[in-house]
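Written below as structure tokens is the structure these notes are about.
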Amino acid sequence: RSGGERAGAAKVKPSRLTALQEQLIWALLESGLSRDILVQAIGELERDRVSAGAERGERGDGESSEEGEMDFPPPIFRELEKLLPEEAAKLRAEVDQLLQEDPWHVAKIVKSYMQQHNLPQREVVESTGLNQSHLSQHLNKGTPMKNTKRASLYTWYVKKQGEISQQFTNAKHGLGSAEEQGEETRKGRRNRFKWGPASLQILFHAYERQKNPSKEEREGLVEDCNRAECHQRGVSSSQLAGLGSNLVTEVRVYNWFANRRKEEAFRHKLALDTPYTSQSASSSHPNLPPSPEHGVKYSHQIMCDTVSSARGSIGDRVGHLVVSPIQLEPSHTLLETHNSKLVSSGGPLPPVSTLTSLHSLSASPASSQGLIMASLPSVMSLGESSLLIGLASTQPQTVPVINNVGGSFTTLQPISFQQQLHGSPQQPISHHFQSYMGASPFMATMAQLPCHMYNKLDSPQYHTSSLLSQAMVITDSSSLGTLTSLTAVKQILTADPEEQTDSPLQEDSLHLQPHTPVPASESLEMYPTSQTTESHQSHLLSPSQTDISSYIPTQMVSTAQ
Amino acid sequence: MAGKIQSLTEEERNHLLPLLRNAQWVEVVGRDAIYKEFIFKDFNQAFGFMSRVALQAEKMDHHPEWFNVYNKVQITLSTHDCGGLSQRDITLATFIDQASLM
């Protein structure tokens, strides 16, 4: 009975207070402390105590919520103890409820919440001790997770909801305590800023209008983006504190534009490196000599040669074939339409975040004229939502891309496109670029394709030696029926294009009957376009496939001519 | 701290000390101070009392000399700055009495 228990102990009494605790509480209350101030003060004091403890080197067992160590009980539960018993009990009750539900259902809820607030998985991993890969798989694919681990996840989730809603409410009263609730006191550093899809849409639209906005314009964009992000999170605009580390600032907008400009310059530069030959006389596009590999350094050892040929352009739509050994950075998507005034103004450095920039299919300037270059392996890997149509071969083979745009028979290099050509911008997962991309006529054409090849491109996939020479076929729906041979492109190209329906096919080429809208191929698989964008997964092929034939686009189209 | 605290005047002593004596405060021999002993039901009560007094003392910036063993609390009040009793001691004594009744 002597001395031991004092108010402010880290231990939480589940039910009654001891007599002394009661005494002390009463003493505090009688001393003029109001209940609310007392409650608040307890929270603050406990936080201070914890961080003070950490500084004294108690890190091993102290701030375990930051440690990412999985000890029993999971670190996140220690945070519970810091809360008031009343609130801790409420939290536990909510967590228990979630544990009763279907895990996959809850996973979807948690995942969409994270997307809505642009929360990095890293934060979850650090405060729950869960394995990141496991967490990702559980949230994205429903990979099973044991109940104890789910409990830590849900605990983090419930807590985070509280934190964020508090951040938003505090925003109303000015920042004040929001600071403490942020990650500052926990980690000493905030989460890394991440652009949300809504903001990116706004930025890309602005970029289209003007690549170099003035400070006023940037500030306008800051407001627009923050407003959009608040809406996405279901809060009224200007409760900015709730955005936390994902608050858009003028500096961030400035950097974004700078990076996009650099990216574009880099694309120009790479485009120049790409050898290009064209048989088309009608094209105003200059012929670039095929060139050996340039000294551009890529992390892939993937080369593709493309056979270039072009039909005479009919009408105003001409595509060109490009032949070149190309090695491109895997994370950089090169897809550009160059006019004859191709200018390389690229700086020496590659763009900062090629991963995030969905290159512009800037085919808008020219109605599909010009050089369309694409890097095979380098489809933009935009996390899970990248739509890649790419082919790669490990040998320097001809990898023709047969493009039947506008009825003319052309071959293009493999192209990577962003996904969701049809998707609605409102989808949380939807690619920010999609509306941006939709501007180009070429893309518009693409958008009509009933069938796409989707590939979640990770570089390793392209190393597979099972890649054969393939052709990507891109057509528009108006010219269905073309029979094209993938591997026999060379033959086709050299032959009169009009004979292509009869051109001999090699075994692994796609064999189509004329006028058959849907090819039946032994070597190809059809992947019906998944129009839904509820989950990025529906767009993606299994990334683990190494059989390249599954990556072969399936749409074969006859030349209209 | 505001200026030097004043010791109780003769007049004030004559007025106040009888009241304190009634409340079982006694004058300490050999110094200008008052003393009282409180006994509680148990330690918890005693320490609760002490907590209340402590909070008040802090508020007043005037602290008692005290001793505690289990349920017993012995308190001596005096003002160091003036070397004897001051108004603060009287005020605190009054508060202490109230607190001991809670």
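Cβ atoms here come from the backbone N, Cα and C positions, even for glycine.
The stretch that TrEMBL tags with region 'Disordered', taken from the ranges A:49-73, A:174-198, is A:49-73.
Residue counts for the DNA-binding region (A:188-268) under DSSP (helix as H, G, I; strand as E, B; rest coil) come to 57 helix, 0 strand, 24 coil.
In the domain 'POU-specific atypical' (A:78-173), the DSSP tally of helix, strand and coil residues is 79 helix, 0 strand, 17 coil.
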